[in-house]
Amino acid sequence: MPQVAFPCRPGLSCRMEPAPSGVRLVVREAIQTLSSSEDGGHIFSTLESLKRYLSEMEPPALPREKEEFASAHFSPVLRCLASRLSPAWLELLPDGRLEELWASFFLEGPADQAFLVLMETIEGTAGPSFRLMKMARLLARFLREGRLAVLMEVQCRQQTQPGFPLLRETLLGKVVALPDHLGNRLQRENLAEFFPQNYFRLLGEEVVRVLQAVADSLQGGLDSSVSFVAQVLGKACVHGRQQEMLGVLVPRLAALTQGSYLHQRVCWRLVEQVPDRAMEAVLTGLVEAAPGPEVLSRLLGNLVVKNKKAQFVMTRKLLFLQSRLTTPMLQSLLGYLAMDSQRRPLLLQVLKELLETWGSSSAIRHTPLPQQRHVSKAVLICLAHLREPELRDSRDELLASMMAGVKCRLDSSLPPVRCLGMVVAEVISARIHPEGPPLKFQYEEDELSLELLALASPQPAGNGASEAGISLAPATAEPPAETPTEIVDGGGPEAQLAGSDSELDSDDEFVPYDMSGDRELKSSKAPAYVRDCVEALTTSEDVERWEAALRALEGLVYRSPTATREVSVELAKVLLHLEEKTCVVGFAGLRQRALVAVTVTDPARVADYLTSQFYALNYSLRQRMDILDVLTLAAQELSRPGCLGRAPQPGSPSPNTQCLPAAAASQPGSAVTSDWRVVVEERIRSKTRRISKGGPRQGPAGGPSRFSSVAGHFFFPLLQHFDRPVVTFDLLGDDQLVLGRLTHTLGALMYLAVNTTVAVAMGKALLEFVWALRFHVDAYVRQGLLSAVSSVLLSVPAARLLEDLLDELLEAQSWLAGKCRPRLCVCVCGAAPAGWAWTSWLGAGPLIWGARPSRGHPEARGGPGVGNPVPGSCCGRCGILQGRRGKTPPSTNGLRSEKATRTALQAQSPSLRLTWGTFCHLAPPICVLFIFKTFM
């Protein structure tokens, strides 16, 4: 029947709906069939009719029909298929044909729409179910078949035309956050493909495929964009997945860009279009993953010249604000700046800023040691890459920064900081001022110094191993290189064959003589008297006699104490000013042990002399620190029981070695004979049968301490003039290294003065010294002050701390706690304030008395104990201490407390509650030492 068109009435507008297209009618009918039909054959035929819009099936669909289906109807069809998914629906046809046809729609259609529908269905499915796991496995198959690369390729082509930014943002978020979404939904049933470490490696491989496709399309004359891929890369790196993605991406791109300029341009465009918020994460990952500067240069190009954010990251943040880069990474970064003429000015600017930071006294004082090593390595690598003409124009500026840094570093109290200053200064002076005299320092060659010197040598321009991604370190299985001597002797294979006959006449079959006991013959005889040693050390020009006197001096001092006391001060003066005339092995140790022996033999006079010379003029810092070392070692030797009359053999390693019996001392080299009483007791013990007896216990060796009578000679003179600077010595100024050694020495002397009558006075003076220096800027000095406070608490009896050091103890508490605590009270007075109950803290004795709020008091927060101390305030009047009955105190093994005082106080208040909490509250940095000492 022909269609009739009815004209509209005049004055009325006629609006007619457009006629639906054939594709829309087919899709509408198919969706109705799929939603309602339970006939497997009908459903299969309906899906095949729709499938012809996706693939070449008979009858083929027109291109415009395929385009209309993909752009307007594909997503509704996928949602309908996802909603019908169930075990019964898939079993409508046998052999899994319906399931395979159903899955083909997700795997062969537009990848972006299929991916979004899959993610939408998975996120919208409630709880564990058949549909959730089926869609998750389909998504894993989607990833395995490379559909993610197809998705990104489509976005790269579409970005050259007007598109939908919201769709791209949605795709970007879903692609990067896929492991998080799937992990949250699947929980324990998560698949291995969705683990982050696996997924981002797969994503890196897909990015490589996309970049390869972009390069091919550009080579074929088609426009393309890598903006979407750059956003994916940047967002993944921001999420902390640089290692997984770039670990796959960088080696593949390094191989692709090695011989193709087109691939290099694609890589340059990729990193240029990374968003600024992700630039730092991407560049950091590239620097860490790139095997060398050549690869980094091919991947980045001149990005640091074009992009200000990249320039800030590469020349400032990675070098100055972080220390995570290893030495090879630093070489890659700075080598990248040096490989192009447009980037070399940035390298010179970086060197100037690095040297300015390296020479800053504030940076040296407040920057951690790993960061200082990082900056020092960067300085040396820059110098290795820069040429002399480039350095000549900035010579004065670089030298000024170097000299300021050397001065500050040599003044540091940390040996690694001083070593960094010396090594870097030598290299800088040699490179910047090669025509002048070389700057040389004396330092011990350790692993750090050798590494720094190796970095200063120029690196080869090209390295095939680094370009291939192989480590620059030589393989361990590689045979050692032939030395020049072997080359000269061998001359080649022919020479080795010719010399094989001569090996038959060698002397290898003879047993060599044992020469281990041979000694070097010397013309000078060792002196036999102390005065002869003094004469040899002061006036002798014979080097062998001088060395023999130095080696024999320690043994002579111990064997002849009377003769030593006659010349002790003179001998100490000679040894203190003694200089090494020739190369003597162990000269510093021989000199130090001789000084210790003299001090132990005549402690009062020698200690007075050494302490008076510590603040005297015309002494070097090394001599002053030698004085401190000698005083510490001598005090340790004097305080050790059982070492009276010790006579070590000449050349003994240290005064800390075990004491020898008198027989062994008087007869060097002879075996120690057993005492006859020991032999008799052993025979009796072996033939006696005992029914019950504990194991034999041997108590520690005891004896009087020689240090107790001379401790004041060692200690108090060192405290007299520490705040009075002289011309060449200022402890409170630049000589903070010596001040740090002084604080540690005073702490050691205080600790060795335990159980002495002068310990209380020493502790009081030492706490006043600590209070004066409590805010010192040098960490080494503050560490020594903590050690000194620990020594006071370990050495002074608990009762005397209460009676004589109350004010100093409170000051130390306020310093260690970081703030004043006015309610803390060390008290032996009467009842607590209203609502408070008295409690004794520190169960080892009546050291600290404080108040805690009683039950029901508004300020009550729990009883005092470990981790919950509550300080109190003094009640202001004397009386008997009151409190509730508590547990008995812990064992006081070896703790020095006054038994009589403790008994009296406990008699006054038998209901004391003894806990440890407040002592931890009193001195947090040192309470561990005190508690450890207590329970030992």
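Every residue gets a Cβ built from N, Cα and C, even glycine.
Caution: TrEMBL annotation is automatic and unverified by curators.
Feature region 'Disordered', per TrEMBL, maps to range 644-666 of the set 184-206, 322-344, 644-666, 897-919. Listed ranges 475-514, 675-714; the one TrEMBL annotates as region 'Disordered' is 475-514.
Look at the domain 'TELO2 ARM repeat' (340-437): DSSP puts its residues at 77 helix, 0 strand, 21 coil.
Secondary structure counts, DSSP: the domain 'Telomere length regulation protein conserved' (527-635) has 84 helix, 0 strand, 25 coil. In the predicted model, the domain 'TELO2 ARM repeat' (340-437) shows an average pLDDT of 87.
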